[in-house]
Amino acid sequence: MGDMILDVFIPFKTPLDSKFDNFIQPEQLFHVDHVFQTAEPYKLGLVVDLTKSKRFYNRREITDSNCKYLKIECKGNEERPTPEQVDLFIKVVNQFLDNNPGEQKVGVHCTHGFNRTGFLIVAYLVEELNYGVEIAVQIFADARPPGIYKSDYLQELFERYGSSEDCPPAPPLPDWCVGTPKFMEGVLRVATLDQDSVEAHEARELADRLCKIGAFVYSDGQLVFADGQSSNSESESSVPPNSDRLEETNKRSKHPLRFRGSQPVSISVRNMESLVNYDYCVSYKADGCRYFLLISGPNKVYLIDRANFVYKPDVLHFPTVSWVKNMQQSGNQIQSTSAFLTCPDGHLFNTLLDGEMVMCHDPSKSEAYMHENAANGTPRFLIYDAVTVNGQPIGRTPFFERYAAIDKQIIWPRNTAGHMGLVDFSAQSFSIRRKPFRPLNQTEELLKPEFAQHLDHITDGLIFQPCGPDEFYILGTCPQTLKWKPPHLNTIDFRCKIVHESKVGEIPGYVGQLYLGGLNVPSARLAHVGPKDKHLDGKIVECSLVPGVGWRVLRIRTDKTEPNYHKSGVGWNPHLELRIPLTTYQKAWGSGVQKLVLCYTWNPQTVVTPGNSMDNVSQKKALFNPIANTAGVRIHSPHKGYKFGRDTSDRQITPKFLTVNGVKSSFQIKENDQRGSLKEWRRSRICRT
């Protein structure tokens, strides 16, 4: 809290109620009762709340203390209080002072208690008490150091009440602000929105609406549309592509929106058989930050992280494929690089993409160098999935259709327009690429040192993406999508609580209790905790299990507000305890998939064997499906009558068989079968190409 200002105002930051306690260090807690305890000698009689949010505390905590409460919703961020808001503030304060002469004081707060609070108090001093704007600004700074620290707020005050030429430079940021971790550290041309602003609310709500339109969820073990309707009922399957708002957002959701992106599960002995039984492709796991990329229209592009924080790139453009093709066909030479921004169908709308931000460096640099200089890299956003594209529910189509749409409707038009001089790449906040996926039989290539040496960003494992015909975009945990990390990088995100324990017969000391989501008892403890680790209290920490030592903290997850759910943590245990080596997985996908030569079936009449020509099969289809290749392909059965198996009478080079509607055909395997306990191949799944 700040000091008393002219025996009238007490400025302070917004208090938070107890539901935020787990996020805040104990010594930094600031509740409503703390406000009244600190201001007790001054007898607070009115609190003016300038924030946009109602979630910080319950106003009844103010009124129950025999104090009046008034809310003036100032947007904050880049918007200063309006003249109408200033007039209302002055009117209310004057009425209160007239009715309570010299007795009770006026408390004023915004989120942090500096800029909006200072602006209105300074305006009151100038308009009502006839102070010069320079003196008024200094009075507030003396009572609430360092005062108003946003230059645009100071500029606005001097333009209203003095001369802009006399506006002083903004003071340095407060100490608490300098040390705060940045969610978008290293990405200079991306702004962090005021999370209580209308723009941030609308971005979150639009992303949530697009998730419902373009994805599926699991409900009682069944896959259903995310909008709550069954897959065979009439449902809204698309939205107008030129509508940047799907519905009015004046009526806010009763519950805070959460990040709804699809989440993989860790590969373990329980689920690794899926790699053999179902269709998968593979990609490396980048050590980046996960975001939804929301394209709401020209100059309305946002990033939403897993904590549901909203960021806005300064410049990021996405022309439509139809507009680019029209420009190619017409041959028009457009001088302006922003012509498509004003064309009705020139820019993407209602598009929600899933991806990760990586920081790129010279590939010749070591991984240690990349880690140490992560904030100094060049940002690049890798798109690996899509929920909606231009209002169409692309997330309800198979993965390969989504993957192709990313290139056709996002990457190709953007790159082509750039080469034509219609999009200025130099002005974009960061580059955009589609993340590469490979056939499952190339998994081993991704693990070779040569692969990592040619990448310009850090990797920390593998992602196995299901790519069958009924593998749609799943909100929340997707048990079919698997992730693998080297044993030394296996981690869990806990909520950490640092407590001081003193038991009879034991040396007192600090203990780091680790909590999983959905549980109110600790699931584990940190191996070593000292007084210097008190800053971990209430934080989401990424931890690894060191054999023979225990859990240790790798980093604080500033991009998350919730730990891993307890079911996710339990699912990790077989992996963490057994420390499954890579050879175990290679045993499943190496000999079971990679080295098998199977026949490739397009329809009941067309069977292509390894020795036959593929002239009668669409080469385009074979190239489009990254699983299919001439060295070793998997069976893709267009009818459920197709199934395949293995003869277990001989474990050497054994004839294998393919059953088509009861007719048994044989094919060969290249090398010895080393699939271990996998007794037979299960029915293959349909693969659309």
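Positions of Cβ are set from backbone N, Cα and C atoms, glycine also.
Remember, TrEMBL labels are computer predictions, not curated facts.
Under the heading domain 'Tyrosine-protein phosphatase', TrEMBL lists 20-167. Residues or ranges marked as domain 'Tyrosine specific protein phosphatases' in TrEMBL: 87-155. The active site, phosphocysteine intermediate annotation in TrEMBL covers C110. Look at TrEMBL and you will find 227-258 tagged as region 'Disordered'. What TrEMBL lists as compositional bias 'Low complexity' is 230-243. According to TrEMBL, the active site, N6-GMP-lysine intermediate annotation covers K285. What TrEMBL lists as GTP binding site is R290, R306, D354, G355, E356, K483, W484, K485, R555, I556, R557, T558, D559, K560.
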DSSP residue counts for the domain 'Tyrosine specific protein phosphatases' (87-155), split into helix, strand and coil: 44 helix, 6 strand, 19 coil
Cβ-Cβ neighbours of C110 (active site, phosphocysteine intermediate) (radius 10 Å): 26
The one of K285, R290, R555, R557 whose CB sees the fewest other CB atoms within 10 Å, among these recorded positions: R555
Listed binding-site residues (D354, E356, D559), ranked by Cβ neighbours within 10 Å, top entry: D354
Inter-residue Cα distance where the pair is K285 (active site, N6-GMP-lysine intermediate) and D354 (GTP binding site), in Å: 14
For E356 (GTP binding site): DSSP state (helix, strand, coil): strand
CB contacts for W484 (GTP binding site) [other CB atoms within 10 A, all chains]: 24
Candidate binding-site residues R290, W484, R555, R557, D559, pick with smallest Cα gap to C110 (active site, phosphocysteine intermediate): D559
Inter-residue Cα distance where the pair is K285 (active site, N6-GMP-lysine intermediate) and R555 (GTP binding site), in Å: 18
Spatial neighbours of K285 (active site, N6-GMP-lysine intermediate), counting only the binding-site residues W484, R557, D559 and Cα distances within 10 Å: W484
